[in-house]
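Taken from TrEMBL as is:
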type: COMPBIAS; residues: 745-757; note: compositional bias 'Basic and acidic residues'
type: COMPBIAS; residues: 765-781; note: compositional bias 'Low complexity'
type: COMPBIAS; residues: 782-797; note: compositional bias 'Polar residues'
type: REGION; residues: 740-801; note: region 'Disordered'
type: REPEAT; residues: 16-48; note: repeat 'WD'
type: REPEAT; residues: 58-88; note: repeat 'WD'
type: REPEAT; residues: 103-144; note: repeat 'WD'
type: REPEAT; residues: 331-363; note: repeat 'WD'
type: REPEAT; residues: 374-406; note: repeat 'WD'
type: REPEAT; residues: 416-457; note: repeat 'WD'
type: REPEAT; residues: 461-502; note: repeat 'WD'
Amino acid sequence: MRKWDCDTGLLVGEPWESEAGAIYALALSPDGKTISCGRDNGSVEMWNTDGEMSEDIWTGHSSWVRALSWPPSGGYIASGSSDGTILIRKAGIGKVEPEIGPIKTQQGGVDSLAYSHSGDRIASGGYNETICIWNSHTGELLVGSIKDLEAMSVTSVVWSLDDSKFYSASDKFARVFDSTSGTQLHRLEHDERLYSLALSSKNDVLACVGYHGVAQLWDTEFHKPLGQPFHQQDGTMLRCVSFSPDGQYLAYGGKTKISLWMVKDIAPELPCPPPSCLEVDAINTFIEEGHDNVYDDFFRVKRLSSESSKISILDEASTHAQPRPTPKHKFEGHRDDICSFIFLHDNVHIVSGSVDGTMRKWNCDTGLVVGRPWESGEGSIYALALSPDGKTISCGRYNGSVEMWNTDGEMSTDIWTGHSSWVWALSWSPSGGYIASGSYDGTILIRNAGNGKVEPKVGPIKTQQGGVVSLAYSHSGNRIASGGYNGTICIWNSNTGELLVGAIEDLGPWVTSVVWSLDDGKLYSASDKFARVFDSTSGTELHRFEHDRNLISVALSPKHNVLACVGYGGVAQLWDTETHKPQGQPFHQEDCVLILRCVAFSQHGQYLAYSGEHNEVTLWMVKDIAPELLSPSPSCLEVDATTPTKGHEITEEGRDNVYDGFFGSSEPSHPFTYGSSHPSHRPHPFSLRRLWNILIPSRHGPPAESIPLQPRIKRSFFARHTGPQPVTVSAARPKKLYWTAPRRVLPEDQSAEKENGNTDAETGQSSSAAAQSSSAAAPSSMPQEPQLLQTQPSTRPTQEDRYDYGCWGNFLHAACCIPDRPRT
């Protein structure tokens, strides 16, 4: 905590510290002498106004304290927590009132709290978009829950001066309700989502602030805006607003600064303040080491000097800029936070999902959006997940639904319901047969990917985690890890729903990201300032990577022992998971006050991207961030096609779903199995060989016979490309195959059996004829197992066997590193 002088704009004394963690709520006692402070560890501290803390620290909540409120009498303090409970305590001793006990709100977490002016009621705003009014003496529910407020959370509640109405902030509306019936009376609309409200004690004026710096005053009687919007030019999110007790001054805070305003300058039509009020000069900026983040009721002005004052901006001092890597692209176009995005398996495209309710597809080569935004009209998007075959995108919405889209932006008509609050996490099983969804309602649903039905053997998993923020299937598919709002991690049996490990506790306010190691032996998590590493069998913490700010997302590279971590304040760092040392420099943007919500690597590990509060996805090259990492092998044109990779197919150049670019060109080849969007291919060697064959035709040997192409395969809704497309290949040289589609060579009996109609187990399609001359040429001693075609030493071209291609042919042959073709 820090104390500021409103006359000078300077810090008073040293920061107030207790080393108990992040602060999310402050409240001033009615007599103005005591400040209550809510921490991320669930504790409540008591401070005087000179920065001296009481020795008594109140506990009782299992997760962070998000809201505090004093009754007018000052005899009690109410605290609301992410664990979903309200505790009402005696202000002098901190004991919970036994007649009330913990109020279990069933709101998924309490995000806002306010005593009525009469002191007999408490209003609470919940994570599940509801408002409840409680009897403060008995804990009885009086009104509510008021539902369908169309937001991820009700972040602010305020009572009218006569207690007949109360105001709330959730989506783009400041809503007005009758406090007795809960009926909505009116709503005040804004351009962006709101975060905080405050009511002036001297005028019928409501102040509203929120995302993108929205800040507006309203006349509560006539429901009309007062004055002009008074936000700053940087447009960052504002988290809290408050009037001074005399109603003459107003302040708001957000990222790392507090801005102080005179109400008469914002709304000159309001009655003029008395002569003793401070004169206002032009806005001046006062630089001082500041907070990481200004969250809640940070400011109550008790006295105003008669000396001249200025509108003060208390800002964090800028640090000396260090050389940073430059991102490859910034994908801009969304109108709100991007909570999730995915790399498609072609390694050229990204699909992002935003709180603005849309998905967008981006081209990583050009940095441009592909087509129009994908919309369904169902509201904010908080989770995306790509199926293992790369064809289907699952989308989790704020209304608890899950949608299924293909990679061209076409949505299935089946929308899956079942959650009572927003879906924050999605994960596919490695087989692609199931989808797990985690919600603010605290449950995990495991559904059949084909029809969306919840598996009856598992049923809804009631996690007791206060809400599921993160979710991940293990690579083996038999376990699911979940991160909770109450700062815990649990590992479940994905086939039965049985709890295997956990709950692993005391991990900070909430666990926003969980990732399995490639061998499933370890589990990585993001919660507070640490990326933690756990043994996935015992739950033992093995290591932790410390950062300057709280983390939100972690990702593991599929190609290196590298962990990427992003979070609050723009923190972005790579770590070596073996040596536990940082890799390269932090790679955040210059505007490092932003919150980064999601990070991911491309399939081949060469690219990394993050997204968040800045409404954009930023794409980086990993080698630019950490040059010490070994660069992936370049696509050299000197390719030995005589020893083909198992399962590697070369597809027809005119096939469907063609994705070329920097991701695919250097990616190692993989078989086309469930889990890849299309067969990997090397475009450069194939294309150059075709050009070579056209420009410099073979001078030797008979014309090549051809294997006829198979009929075109039908497409399904989600399958633009359902399998490898056959090509015409030469079968004229059985022992010297160069630059043809690599394929298995079987013994004669097995080859014949294949030709008689057996189905290829990998693709599910009828196999085409094998290279019969190769199988015929196989020696009788060949084992009766399928063998990869290999070139014998005697078939390698010697210096004497090489072609003379002529002047230009020899030049192209040398310049392009194309292997020699032997004579026949």
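Backbone N, Cα and C define each Cβ position, glycine as well.
Unlike curated entries, TrEMBL annotations are predicted automatically.
Note that this is a predicted model, so its numbers are computed, not measured.
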When counting Cβ pairs under 8 Å to the repeat 'WD' (103-144), the leader among 16-48, 374-406, 416-457: 416-457
Cβ-Cβ under 8 Å with the repeat 'WD' (461-502): same-chain residues at least 6 beyond its ends: 62-64, 82-84, 108-109, 127, 421, 424-431, 434, 436-446, 508-516, 518-520, 523, 525, 527, 534, 536-539
The repeat 'WD' (331-363) - residue tally per DSSP class, helix then strand then coil: 0 helix, 20 strand, 13 coil
For the repeat 'WD' (374-406), residues assigned helix / strand / coil by DSSP: 0 helix, 19 strand, 14 coil
